[in-house]
Amino acid sequence: MVTMSYSVAVFSLVMWPYTLKLLWAPLVDAVYIKKIGRRKSWLIPVQFIMGSFFLYIANDINELLPETGKPNIEKLVCVFFVATFLVATQDIIVDGWALTMLKKNNVGYASMCNTTGLAIGSMIGSVWSTLLTSKDFCNKYVRTTPDTGGIVTMEQLLYVWGIMFMSITTLIAIFKKEKDCSLEENHVKLNTFQNYRLLWDICKLPSVQIFAMALLTVKVGFAATDSVSPLKLIDAGVSKDDMMIINTSMYVAKIILPLIIARHTSGPKPISLYLKATLIKLIWNIAFIMLIYYTPKLIKMNGVINIPTYYYVILIVILSIQEILNYTMFVALLAFYSRISDPRFGGTYMTLLNTLSNLGNAWATFTALGMVDLLTFKECSFNPKNDCSTLDLQNMCTIDGGDCVVTVNGYYIEMVLSTIFGIFWYGIFKNILKNLQTKCPSQWLVNYVKQPITKNSKNVFTITVT
């Protein structure tokens, strides 16, 4: 158990670059080779390195993940940390490029392209890759006669993706021309120090500060639903495989949904759609409370788990609506980011907004997972004075022949508290966010005043916050 906990804790370091990418986003915006292009200067080498990494991992996969024995956790973490760092850097590049690649009146469609591409990529690169390397899945759904292993190996997949990454990057380098933004009238070329200072000045904008408070607190209203409910379903007896199959089937909806709601998110008021989805999702918390409460009664007969077909129908409907609401909010929010971000410093601006949202989700999820046990109260069935609050008391109850019985389920308390918080959040921020989306674009910009050029001087820009 200690080894497993250590492994999980250490491997969680792999995702840090996504949270910390704001630290090098200004560098990506500031440093580039003009002849190659502002975004291509970074995208081409980053994706070539990513392709090389896939080939390296493929060649070393048997050592990293041996079929017998324990994997080398430290080496795995180092390899995937670098890979995640490259992917996070690619995020910065693509977010910034999307703001200048599309026409100004089409910038709202950036979120549609982003989310649809993300869903397709996740389905092909993650879900299907996992299933096609699975012996059980291939024997059950693909092969006519059972065999060992999947229809492809992980080594083969990594070689294919490495070659594809490098081939596609070569095509982008040769055929994709990047718009020369230096020809635009309002173009500003900042050095690295000025770009980091810019980040601080963006944070000082009143509109950004208000929006940041909303982003850092909005996820509290449904953190328990998103993070604790799946665990409660599994605890109740719903298998992890069933949950995975249901989640996998939802990728089709994730691909189609952005196309359907594009006419709403590409307009001037994507936050209006975001607020509507937020309110519905808060109300939908009630459906999860009912689902978790009745699940043990519906899937167990005489203490034996026997899940009926109608329960799967109920589960799929509830999870599908939840996923649709999640993705609607995600697409609407990205559309708003694209609309308010200054395209001159797109990588830095978009990364800041995404980081604020990620931090809001991270702390809300961490709190929800930590609080559910604190809000749960138990007592020993043999001795009511034993509250089973510690491991020693639980062992004592078991030795005495009793069981620790839940008297107050912290999940329901947390769901009620988070929903109430969410309703208060909605009441406070509804009109504030609606006003933010109607503000003049200048309210989201950091103005740069070019100083007169004197002899032996270089272009100097003074930052003014408006």
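The first residue you see is number 1, and the count goes up from there.
Just so it is clear, glycine is given a Cβ too, placed from its N, Cα and C backbone atoms.
TrEMBL has this to say about the protein:
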TRANSMEM  6-30  transmembrane segment
TRANSMEM  42-59  transmembrane segment
TRANSMEM  79-100  transmembrane segment
TRANSMEM  107-128  transmembrane segment
TRANSMEM  157-175  transmembrane segment
TRANSMEM  205-224  transmembrane segment
TRANSMEM  244-261  transmembrane segment
TRANSMEM  273-295  transmembrane segment
TRANSMEM  310-337  transmembrane segment
TRANSMEM  349-372  transmembrane segment
TRANSMEM  411-429  transmembrane segment
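Stretch with the most C-beta contacts under 8 angstroms to the transmembrane segment (310-337), considering only 79-100, 244-261, 349-372: 244-261.
Here the listed stretches are 107-128, 157-175, 205-224, 273-295, and the one with the most C-beta pairs under 8 angstroms to the transmembrane segment (349-372) is 205-224.
Proximity of distant same-chain residues to the transmembrane segment (205-224), defined by a Cβ-Cβ separation under 8 Å and at least 6 residues beyond the stretch ends, is recorded for 278, 281-282, 285, 340, 352-353, 356-357, 359-361, 363-365, 367-368, 372, 411, 414-415, 418-419, 421-423, 425-426, 429, 432-433, 436, 439, 443-444, 446, 465-466. Put simply, of 42-59, 79-100, 107-128, 244-261, 411-429, the stretch with the most CB pairs closer than 8 A to the transmembrane segment (273-295) is 411-429.
Proximity of distant same-chain residues to the transmembrane segment (79-100), defined by a Cβ-Cβ separation under 8 Å and at least 6 residues beyond the stretch ends, is recorded for 11, 13-18, 20-21, 24-25, 28-29, 38-39, 42-43, 46-47, 49-50, 53, 56-57, 64, 107, 110, 113-114, 178-179, 181, 338, 341, 343, 345-348, 350-351, 354.
For the transmembrane segment (42-59), the list of distant contacts is 28, 32, 36, 79, 82-83, 86-87, 89-90, 92-94, 97, 154-159, 161-166, 168-169, 172-173: same-chain residues at least six beyond its ends, Cβ to Cβ under 8 Å.
Listed by sequence, the residues of this chain that lie at least six past the ends of the transmembrane segment (244-261) yet keep a Cβ under 8 A from its Cβ atoms are 111-112, 115-116, 119-120, 122-123, 127, 131, 273, 315-316, 319-320, 323-324, 327-328, 331-332.
Using a Cβ-Cβ cut-off under 8 Å and counting only residues 6 or more beyond its ends in the same chain, the transmembrane segment (107-128) has close neighbours at 94-95, 98-99, 161, 248, 251, 254-255, 258-259, 262, 265-267, 270, 327, 330-335, 337-339, 343.
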